[in-house]
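Report on one structure; see the data block that follows.
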Amino acid sequence: MKKEFAVIGLGRFGGSICKALSEEGVEVMAMDIDEDKVNEYAKIASHAVIGDSTDESVLKNLGLRNFDHVIVAIGENIQASILTTLILKELGVHTITVKAQNDYHEKVLSKIGADHIVHPERDMAKRIAHNIVSNNVLDYLELSEEHSLVEIVANSRLAGNTLLDLDIRAKYGINIVAIKRGKEVIVSPLATEVIHQEDILIVIGSVTDISRFEKRVLHTK
């Protein structure tokens, strides 16, 4: 049985989520108070409905409690976002992801029980900034305030060495959890694995330790 998702708020972020989920082949219900936006996504989502998500009866009648995951992507109206999240929690929705506008909004969402809170603009800005500064870093994902996961292209200083030779965990406190080599992905590589030039290393660790590794081994400023 396919998982069912609902996206409430069809602005730039919510619309992108709706499209991405639809492309994955899952059932998606798209909802917005703006009729034009709903019409725009009528052919993309499995169902598209006009409705006020701050009205508990509307969410009940739509059967939101039966959905596996609801994404609250309401734009500028923080009050509507908070109230919608509260109603969804009271309805017993299994998983709720909410777009936060600022740190205050995030704190409130956390207190009322949102399962996942995202800051799309802030998070994307951090990824772009990190990628600009670090030429060897292909991608950057913030896991928490202190830890990140990055994709690093192996340079000549790393190539030809085994993971044991480099001893990255002991020296820098970070872990190489996978290696992408062409179309091959080596998950949990052995200590005897030799790194090739242009391998993509999937590294996880604290932001401070990853930065230290980049500066000393990858020669980033």
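Glycine residues also receive a Cβ, built from the backbone N, Cα and C atoms like all the rest.
According to Swiss-Prot, the domain 'RCK N-terminal' annotation covers 2-118. Residue counts for the domain 'RCK N-terminal' (2-118) under DSSP, split into helix (H, G, I), strand (E, B) and coil, are 50 helix, 27 strand, 40 coil.
Among the features that Swiss-Prot reports, NAD(+) binding site is placed at R12, D32, I33, D34, D52, S53, I74, G75, E76, K99, A100, Q101, H105, E121. Sequence-distant neighbours of H105 (NAD(+) binding site) (same chain, 6+ apart, CB under 8 A from its CB) are I78, S81, I82.
If you look up Swiss-Prot, you'll see 135-219 marked as domain 'RCK C-terminal'.
For the binding-site residues I33, I74, A100, the largest tally of other C-beta atoms within 10 A is found at I74. In the structure shown, the C-beta of D52 has more C-beta neighbours within 10 angstroms than that of any other entry among the binding-site residues R12, D52, E76.
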